[in-house]
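**Q** Dropping the structure in here first, questions after.
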Amino acid sequence: MLKHVAAALLLATAMPVVAQSPAPAAAPAPAARSIAATPPKLIVAISVDQFSADLFSEYRQYYTGGLKRLTSEGAVFPRGYQSHAATETCPGHSTILTGSRPSRTGIIANNWFDLDAKREDKNLYCAEDESQPGSSSDKYEASPLHLKVPTLGGRMKAANPATRVVSVAGKDRAAIMMGGATADQVWWLGGPQGYVSYKGVAPTPLVTQVNQAFAQRLAQPNPGFELPAQCVSKDFPVQAGNRTVGTGRFARDAGDYKGFRISPEQDAMTLAFAAAAIENMQLGKQAQTDIISIGLSATDYVGHTFGTEGTESCIQVDRLDTELGAFFDKLDKDGIDYVVVLTADHGGHDLPERHRMNAMPMEQRVDMALTPKALNATIAEKAGLPGKKVIWSDGPSGDIYYDKGLTAAQRARVETEALKYLRAHPQVQTVFTKAEIAATPSPSGPPESWSLIQEARASFYPSRSGDLLLLLKPRVMSIPEQAVMGSVATHGSPWDTDRRVPILFWRKGMQHFEQPLGVETVDILPSLAALIKLPVPKDQIDGRCLDLVAGKDDSCAGQ
């Protein structure tokens, strides 16, 4: 079995990149059946990092592979929402398979401050165990410790210990937040060495084979991808600081790990790993239902590095469609009865420099005065505490924490001056205090109609959230203009460009329908749980079951 898996991996990863042809179109579906007639044997949950609803819809007419299958044969919710304010990778992934918003998962951001942490670095990473000696937010031991609720896989395993729960991803936080604390296997791309897991977890024979295949792929240069016809109009240079973006093809030298990671090659490797894991572990081939979650991280790396509207992002989506098609075809060939859900952890926003070229002259980069060091100096001066550390934050938006060394009187002055200064700043939409957010009821109703403070409440976890929450205005990119640019674009805002994501369900033979009204990613868990007849108490989650049966039947009946 392992030799067969290894051969398949090498075939998938060693083909000349520019010569790969699109996956064949899926065979015509048989007569429609109810998606809920019998429980599927395998749940395949896919997150495409930074796959915004805008990016999904922009190229929808060009899909020929896996995305075409999902959009033409499945249940399509093009207006899904990561409904909270802090639209970052870790909080977003924490919602997908828990049915819970960050206010319940405890994952309020990628990083937050714990000023009582027993180490010098008070900035905590969402997927670390900060109690480990010598750890920091940059050099950490990965852990699901901070996730406060079970995932779908965890609930399935609690109901039936025979259930296999596997999670693979490009990023550790994607694999960990979707897999949960009790997953059987959790793997992520840890660097040039390949896929890794938690400290002390040795590679299985399969993972060793996967990493050998990865090493062989990495050792080959990539001459670049051909430019699809739909990408030709995107092919023009855009200057952002010292960076020029917009015309890339993902060419890289042999051994260039960074180039591999920021390209469609990464997702192709992760999907090859997932397919090999399904075959090797015989997922979906036993009496119980198994689950595999797959975090495809390349779209996010591409979006940050090049923006969302150049050739780079266009090629990335085209390749994603092709690779997903090949992955689904492999599962079909193996005769597995599987259900797919595909969504994203958040959306994204293109770089202001290209927006200004394309009818949006008001697009801006954030004022350097709002960056952490500058903001602390300003507030300290205004509060009569020049040179003192008065606030902690890690960006020009998001949570702000008061220093623990302030007296009550100093803290009051700092809050007064911070609110006065920030609320008067032309790039700031609003600033909420912790008390204001805490007093707001947990939101309900259509996510597209929520107010900003309701979005903030969905991101709020009292023991982790800051004393203030700073939200920038729309069309203000939270990366300042600099002579030397790292990332040129990002996400994380409370606006719909970052909140809206597609949510797509598919199972062989189901009747296609599309529902354009807003739903939430927290609705995914109860919807899948209903298909496998897994009871989930409604008071333990924030989502609702989505009926995936077109017409009068109801896949949520009995939930």
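Here the Cβ of each residue, glycine as well, is placed from N, Cα and C on the backbone.
Worth saying up front: this structure is predicted, and the values here are computed from it rather than measured.
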**Q** The Zn(2+) 1 site in Swiss-Prot includes Thr89, Asp345, His346. Which of Asp49, Asp129, Asp138, Asp394 is also listed there?
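**A** My reading of Swiss-Prot gives Asp49 as the candidate in that site.
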**Q** Can you pick which of Asn110, Asn111, Asn242 Swiss-Prot lists for the same substrate site as Lys171, Asp172, Arg173?
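**A** Answer, per Swiss-Prot (substrate site with Lys171, Asp172, Arg173), from Asn110, Asn111, Asn242: Asn110.
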**Q** Check Swiss-Prot for me: it has Asp300, His304 binding Zn(2+) 2, so pick out which one of His146, His491, His512 it puts in that same site.
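**A** As annotated by Swiss-Prot, Asp300, His304 share the Zn(2+) 2 site with His491, chosen from His146, His491, His512.
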**Q** Could you identify, going by Swiss-Prot, the member of Cys90, Cys231 that forms a disulphide bond with Cys126?
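**A** Answer per the record: Cys90.
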**Q** If you draw a 10 Å sphere around the Cβ of Lys171 (substrate binding site), how many other Cβ atoms fall inside it, taking every protein chain shown into account?
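**A** By my count, 24.
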**Q** What is the number of other Cβ atoms found within 10 Å of the Cβ of Cys556 (disulfide bond)?
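**A** If we count other Cβ atoms within 10 Å of Cys556 (disulfide bond), we arrive at 17.
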**Q** Distance check, please: Cα of Asn110 (substrate binding site) against Cα of Cys90 (disulfide bond), rounded to an integer number of angstrom.
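**A** Spelling it out, the Cα of Asn110 (substrate binding site) and the Cα of Cys90 (disulfide bond) are 5 Å apart.
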**Q** If you compare CA-to-CA distances from Cys556 (disulfide bond) to each of the recorded positions Cys90, Asp172, Asp345, which comes out shortest?
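**A** Among Cys90, Asp172, Asp345, Asp345.
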**Q** May I ask for the distance between Arg173 (substrate binding site) and Asp300 (Zn(2+) 2 binding site), taken between their Cα atoms and rounded to an integer number of Å?
**A** 13
**Q** Determine, from DSSP, whether Arg173 (substrate binding site) sits in helix, strand or coil.
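**A** Note: Arg173 (substrate binding site) is helical by DSSP.
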